[in-house]
Each structure stands twice: as structure tokens, then as C-alpha cells.
Amino acid sequence: MYPLLDRIEIPAQLRNLKRSQLPQLADELRSFLIESVAKTGGHLSSNLGTIELTIALHYIFDTPFDRLVWDVGHQTYAHKILTGRRTGMAHLRMQGGIAGFPRRDESEYDAFGTAHSSTSISAALGMAVAARINKIKQHAIAIIGDGAMSAGMAFEALNNAGVMDADLLVILNDNDMSISPPVGALNHYLAKLMSGRFYATARRAGERMLGVVPPVLELAKRAEEHVKGMVTPGTLFEEFGFNYIGPIDGHDLDILLTTLNNIKQLDGPQFLHIVTRKGKGYKPAEEDPVLYHGVGKFEPGKGVIPKPSTRPAYTQIFGDWLCDMAAKDSRLIGITPAMREGSGLIRFSKEYPDRYFDVGIAEQHAVTFAAGAACEGLKPVVAIYSTFLQRAYDQLIHDVAIQNLPVVFAIDRAGLVGADGPTHAGSFDLSYLRCIPNITVMMPADENECRQMLYTAFQLDTPTAVRYPRGTGPGVQIKQEMQIVPLGKGEIRRQGTRIALLAFGSMLSPCLEAGDELDATVVNMRFVKPLDQELVMTLAAEHELLVTVEENTIMGGAGSAVLECLASQGVNIRLLQLGLSDNFLDQGDPAQMLSDCGLDKTGIIKSVKERLSL
């Protein structure tokens, strides 16, 4: 079924093929990828767009000696297949299976672990400098998408790379533009010309010759930029000190191979701009690359058929609240760092386009942009994943909290996230948020509480974070009427005897289940800051054992807040802290992951009984 692909286990075998065979290999690889992802789920459209590029890179460069650094990394399935992990695709993103992103501990061909965007150029530059210091001729290649290129970190790295004059190749995978045939042909010719040794040598010689007359050099440089600028968009990258080549068709293996082979012979920073199409070769994905960005299992012949959910996900609850709140208050603006679909902002972006701001993959900018808007009387709501808010921690403190500005942070994907693994887990937000002065941190236990907490956060004139998990809640009916949740107050949901389970957010449901068997008092704590200290003291006075349960790292989390409260009052009581342990958790089924962490009904009961037996 796959005559060429079946012969390839590692890139060295790929390099034994004739160039004329590579288009067939691309077809086989694309077919295998569609069939494989259809069985497991995963990222599809982005991977279909990088088939030819992946083949060309491994064909021209001596991997793994030469270093490939894939930005974000969800487009590396073809790379994994060609580097000895084809059989592992059957367990992609599953517990014990291969990851959906590059991981150094998974393969020597994964030169650098990625999953968050815009890190590739910095990492590849570090590798290029290391090669120079170690006096080895080794190529470092960063492959970055047009979305990731919008982040400040990418431009910081470009700026530094040009100054260092390192042997670095940056490949911009641009799937947000198209080339008309005549312009494409012209640019293909220019790519061959500008990536060749003659052009590079002549350019350096001309610079040396004209360097004795600085005004002439500057005039020549501007003339070159003017001519190239008429047919290429690369002047910006030339200003950073790169030799810009492209744009070229990223699905044309002949031009890719020729251009990469030419670039391989050059010294100094090189920038190759390729144009690809997401979903290439699979019509449904080409027509709707957003739908096919991340998919569950599906039948290739039928495509992805969206299944109606029996109850709303927390993301949808947030999106609906945002629209309802916007209708009531014209000061509300919604901000997202390039996560419109994932954060539930599609409806808001359509109903309130003038108040919707997608700032690109720029979390730092998103937070400070919100702070500036808040200074002028607007009420910004920043919709962001827990793992991505980490990238704007300084802005959170310096620009929002110190100035005590009324910015609402709607923190999605708090806690474990399943198949995306440790890079996307929201394991740390309670710990890194609660130590910041002026900020209020709350977490809903169910769908209705999520809506009411968002409303409560919006009414405050101080920084506020509402963190909620991925997926759906326990199925509580949502009240459309919005009400204030008493600030810093928990609620007792079940009265017991010796044991008190202090549940934070999503952990209320398993605590209620465990509470019945343990005859424990179960408390919905609601807030980690301000913590309901009065309730904690009452519980300590009436019980033998307090148990804090949170979907956050134990270190510095909600349980630590309870412990600090007790210590400050000189209360000596047995305390058991349950949460995520001090290690990174691999991908897996969310329910199984919670079980492995001891955060389901069975795990909570087991831990409590073990502590009571001491």
C-alpha cells in the first residue's frame, strides 16, 4: 500500500531515494497521515501542509546531526513518521504513546521540545552559536509559522541572530497567503538566484568594495532593497541581517530541494519564506482548516461530523456570558492572544466585532493592552489558557496588579488537559496567581457557578481571575439571571463528622462522591484568594482531619493557602493536601490522569483512610 514509505525507517534511508521518487513518497505519506489521524485524533490540517517541507529537510540535511527545531510542534507528525515512529502513530497522544509535539526524550531527531509558540528561532540560534564555539560544521534550522512569527519573542531572536552572524536558517511556513502563477514563477527564479553561491559571493564582494565609501555602500544597499522589495516582502528580514529568499511554493519539491541545497552551502543567517496550504491533499481540511486543526476520530471518506454536546463546555459558558454581559455593558471588550475558537470567542467576535481584539500570539502584549484599556475606563476581559498566561507573568504583576486595574482574566484549560500533555496543562495558575497582591482568584465548581463568578469578577474594580477546566461540568442547570457570588466565601455542601474535604473548583464533584462513603463534611471553597479564613477556622475546630483537594500543583497551591491560614492562627490540626505532584504529567485520558493522581472518588477515599490509619 505504501511501497516507498514502507522502505523508510530513518532519514538516512530517505536519502537513498531518487529525487524523482519524492513526489510519490509525499503522496504516500499524506495518505498514511490521514488514515492514522482518523483513527487516533490529533492535529491534521497543519500536518498536511508540511509534508513536502519535511521530506525536503530530511533529504537535504544530515539529521539528526543537523538540528531541526519545529516551532509549536503540532505539525511534526510527518517528521515523526520519517524518524522511526511510524508504528507509534497508532498510540499518538495517548497514555504511554508518542507525544503530539517534539520531545527530546522521545527521539534524537527531536532536537528541541516545543509546544508553545515562537521559541524555535531562539533555540536554533543557541544551537548555531554552540556549533561555532565547538568548531563543528552543523546546520541549525528553525521552522516557524506565520502566526508564531507575530510574537515578540520571534523578533527578539531575529534581531539577535543578525548581530551574531550565526549559521542559522529560519524557514517561515506561511499558510496565510497565496501566490498567483506569474508572481510565483518569478519568485521561484529569484529564490534560486538569491540562494545560490554566485549571488551571495557577489553581494559580499560588493559590500567589501563599497565599504571604503560608506555613502556609496548605503546607496547601493537601498537600491538593492528597493528592487527586491518590488517583488519580495523580505526587506524587513534583510534589515535584521538575514539573506531573504522567497516566497516559494512549499509544496513544490523540486524548488524546495534546489533552494535548500543552495542555502546549505551558504554562511551566515538565512531566511527562507515558503507558502503552504493547510489541509493540503485532503479536500475537507483544505476547505475548513480550522475545523480540521485538531480533530477526534473520524472516517476519512465522510470527514469530521461535529457531534452535538449534551451539555455545554465551560468554554461555551464563558462565550455565552461574554455576549450577554456585552449587551448590558458597553465598556466590555474581549481580548484573546490568537485563540478565538479555543477560548469560545467566535460568537462574540461576530456580534461585537468592534469590541473584539485578537492581538495575535502575543500574550505579553494582550495583558498590557488590557491594562491600558482599563486605565481609560473600559472593562477588559482577557480570555486565555492557563498555560499561556504564564508567558505574561511580568505584565500581570507590573502592568495590572501593581496598578490595581480592573482586568478580568478568564482562564481556560485549568488543571489537566489530557492528550496535549505537560506543555499545555494548567497545573500552576493557583500557585503563581495567589502570591500576587490585589488579585482575586476564584474557581467554579459547576456550570452555573462559572457564569455567576464571571459576572462577579466583572463587577469588581480590581484584577480578578476565574479559572475553569477543559471540557464539560457535572451538568448543573445554568441560571440566566446573573448574581453576585459572596466575595471570599465558601459554602458547606455536605455536613459530616470527623473529616472535612475542602474542595477547590472542579474537585467538588469527586469530593461529594467520596464524602458519602467517608461521612465527611464537604466544602465548596470557591475562592483561593481571598480565602474564607473564618470557614477554615470553623472547620478546624469541628473536625479531626482537614483535606484540601485541588487540580493544581500542591506546591504553593490552594492547600498551601489553607496551611498558611492555620499556621498564622497557631492552629495545630492534621492536614492532608491532595493535588498534582511535583512532576510533569504525560498525556493521557483526562479521567485516567485524575485517577492516577488520586483525585477521583477512589483516590480521595484511599488517601484519607491511609492518613487516618497513621
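Placement of Cβ uses the backbone N, Cα and C atoms for every residue, glycine included.
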Record-annotated thiamine diphosphate site (Swiss-Prot): member among His43, His58, His74, His79 besides Ala115, His116, Ser117, Gly147, Ala148, Asn175, Tyr282, Glu363: His74
Candidate with sparsest Cβ neighbourhood (10 Å radius) among Asp146, Glu363, the listed binding-site residues: Asp146
Cβ neighbours within the same chain of His116 (thiamine diphosphate binding site) - under 8 Å, at least six residues apart: Val72, Thr387, Phe388, Arg391, Thr423
Extent of the thiamine diphosphate binding site in Å [max Cα distance among His74, Ala115, His116, Ser117, Gly147, Ala148, Asn175, Tyr282, Glu363]: 32
Mapped DSSP class for Glu363 (thiamine diphosphate binding site), helix or strand or coil: helix
Whole-number Å value for how far Asp146 (Mg(2+) binding site) lies from Asn175 (thiamine diphosphate binding site) (Cα to Cα): 7
Protein Cβ atoms within 10 Å of His74 (thiamine diphosphate binding site), excluding its own: 23
